[in-house]
Amino acid sequence: MKQQVEVKDLKEGKYVIIDDEACVIKSISKSKPGKHGAAKARVEAIGLFDNQKRSYIGSVANKIYVPIVERKSAQVISITGDIAQLMDMGDFSTFEIVIPDEYKDKVKEGEEVSYITALGKIKLDIRT
């Protein structure tokens with residue numbers, strides 16, 4: 001799910017959709033309006049799921065999509081190799097997710113973990 005906002009309303013640390021990917025905004029710079037033009041904004045962001053750097057350049061009056069990012073908790077049911085089967089604690093649905101290398105020692109069967117979901121994608125979000 002996504003919603004539309006104007007570029008001038010974006011803030012650092014919030015989310016934005018660039019190239020059909022949910023991204024976290026790292027920096028925003030705005031130029032002054034010229035004699036015959038509108039002010040421009042440059043948004044630098046990093047992909048939430050792929051960690052790729054992306055940028056958007058456009059008028060501050062333009063509308064841009066913002067993803068609806070949800071943080072949820074789930075219980076680890078089983079671990080097979082680098083794939084974990086999780087059960088959502090809210091609606092009790094089960095799904096599988098690949099465990100990133102940095103979380104392999106932190107994810108254990110029976111424990112509760114948090115995850116992020118946006119634009120139909122899921123990512124583990126373990127904060128220490």
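Heads up, the Cβ atoms here are built off N, Cα and C, so glycines get one too.
Summarising the annotation, Swiss-Prot assigns hypusine to Lys35.
The Cβ of Lys35 (hypusine) has 4 neighbouring Cβ atoms from other residues within 10 Å, across all protein chains displayed. Under DSSP, Lys35 (hypusine) is assigned to coil, being neither helix nor strand in the three-state scheme.
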